[in-house]
Amino acid sequence: MASHFLLLGILAIVCSTALASDPSPLQDFCVADLTNPVLVNGLVCKDPKIVQAKDFSFSGLNLAGNTTNAVGSQVTPVFVAQLAGLNTLGISMARIDFAPGGINPPHTHPRASEILTVLHGTLNVGFVTSNPENRLIMKVLQTGDVFVFPQGLIHFQQNIGPTNAVAIAGLGSQNPGVITIANAVFGSNPKITSDLLAKAFQVNPYVINLIQSRF
C-alpha cells in the first residue's frame, strides 16, 4: 500500500511539472483576434480562413524612437499586441533607441529571457542575480555585440558613447511583460507607504516622499 502512495506521489509531481510549462501550438498558427473579449491565457485565435499576410508582418522598426524624455531612451515593442501573428509562438522583439547618456532603467521581464544585439553605439549593460548573492554581471558592448539577460532578473542598459545608440532585443514570449523597478516601487497605485519603503531602503521617510512625488 505504501508503494502505491509513493507511486501516486511521483506521478503527481511529474504531471504538475509537465503542466507548468506553456503548451506547444496545436495548429500551424493562431493569429490573435485582438477584438475578441473572451479572456484566456493568451489571446483567442482568429478564424484561419480569414488570416492574411498582414497578420504576420510589422512595419516601423527602421524608425528611430523619440528619446526626448526623462531617461533618454525609447522602446518600440513588437509584441502580440502589435503583431497578432506572434500569438502562441513564444517570441517577440523590440527596438531600443538611446540618446547619449540615455538609459533603459533597471527592469525585469517576468515571462521572458532577452537577447540583445547592439546595432550602433556603445552600451553598458548588466543584470543582477537573485538573493542572497545579488551579484552584478556587467559588460560594455560595441556595435555587433550580443548579450543575454536571464528571465526575471533585474537588468539595464546605458548609452556611454558620444552618439545615439540603437539595439534590437529578442524575447522568449509573445507578451514578456515589463516591470520597471523605480516605477513599481515608487509609482504604484495606490502608493506603498513611505514608512515601509523608508525601512526597506534605510532612509528617512522624507526622502521616500520626495522620490514618490516624481512618479
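Numbers here mean position along the shown chain, with the first residue as 1.
Glycine residues also receive a Cβ, built from the backbone N, Cα and C atoms like all the rest.
Any TrEMBL annotation is an automated prediction that lacks curation.
Here's what TrEMBL has on this protein:
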- Asn104, His109, Glu114: oxalate binding site (BINDING)
- His107, His109, Glu114, His155: Mn(2+) binding site (BINDING)
- Cys30-Cys45: disulfide bond (DISULFID)
- 1-20: signal peptide (SIGNAL)
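For His109 (oxalate binding site), the recorded positions whose C-alpha atoms fall inside a 10 Å radius of its own C-alpha are His155, out of Cys30, Cys45, His155.
Of the chain residues outside the oxalate site list Asn104, His109, Glu114, Ala94, His107, Thr108, Ala112, Leu116, Phe149, His155, Ala169, Leu171, Pro176, Val178 have their Cβ within 8 Å of the site's Cβ mean position.
Cys45 (disulfide bond) is 33 Å away from Asn104 (oxalate binding site) when you measure Cα to Cα. One way to see the shell of the Mn(2+) site is to take the Cβ centroid of His107, His109, Glu114, His155; the remaining same-chain residues with a Cβ within 8 Å of it are Thr108, Ala112, Phe127, Phe149, Leu153, Ile154, Pro176, Val178.
Counting every protein chain shown, 22 other Cβ atoms lie within 10 Å of the Cβ of His155 (Mn(2+) binding site). Taking the Cβ of Cys30 (disulfide bond) as reference, residues of its chain lying under 8 Å away and at least six apart in sequence are, in sequence order, Gly42, Cys45, Lys46, Asn87, Thr88.
For the binding-site residues shown (His107, His109), fewest C-beta neighbours within 10 angstroms: His107. Note: the CA-CA distance between His107 (Mn(2+) binding site) and Glu114 (oxalate binding site) rounds to 12 Å.
Ranking the recorded positions Cys45, Asn104, Glu114 by how many Cβ atoms sit within 10 Å of each one's Cβ puts Asn104 at the top.
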